[in-house]
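Worksheet: the structure to be examined is printed underneath.
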């Protein structure tokens with residue numbers, strides 16, 4: 001009787017632990033950068049070094065984060081024409097092999 005009670009207790013503990021592990025999100029430890037405010041000012045293409053898109057479902061807005069030559073990160077609205085033009089410019093710039 002004591003063995004079956006101990007076994008039942010052990011199984012319940014294991015089941016509780018397993019459900020907690022399975023209920024966690026897939027990327028619980030991966031950091032997510034979100035943009036909460038987007039710039040309305042056009043940034044000169046000469047000041048831009050790179051960009052990345054923010055598309056995580058954990059973020060309230062889709063955005064593009066531009067990194068400037070000075071190291072600043074600026075959030076922008078991806079649907080604006082100047083943002084799309086800047087992305088195209090950076091893509092072309094990064095595809096061109098440097099001598």
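Keep in mind that glycine also has a Cβ here, set from the backbone N, Cα and C atoms.
As given in Swiss-Prot:
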SIGNAL    1-23  signal peptide
MOD_RES   24  pyrrolidone carboxylic acid
DISULFID  34-59  disulfide bond
DISULFID  35-75  disulfide bond
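Locations of recorded Swiss-Prot features on the structure.
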| residue | record | DSSP (3 states) |
| --- | --- | --- |
| 34 | disulfide bond | coil |
| 59 | disulfide bond | coil |
| 75 | disulfide bond | strand |
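Distance noted between the C-alpha atoms of residue 59 (disulfide bond) and residue 35 (disulfide bond) is 7 Å. A Cα-Cα distance of 9 Å separates residue 34 (disulfide bond) from residue 75 (disulfide bond). Remark: residue 35 (disulfide bond) has 54, 59, 61, 63, 65, 75 as non-local neighbours, by Cβ distance under 8 Å and separation of at least 6 in sequence. Counting other CB atoms no more than 10 Å from each candidate's CB, the disulfide-bonded residues 34, 59, 75 peak at 75.
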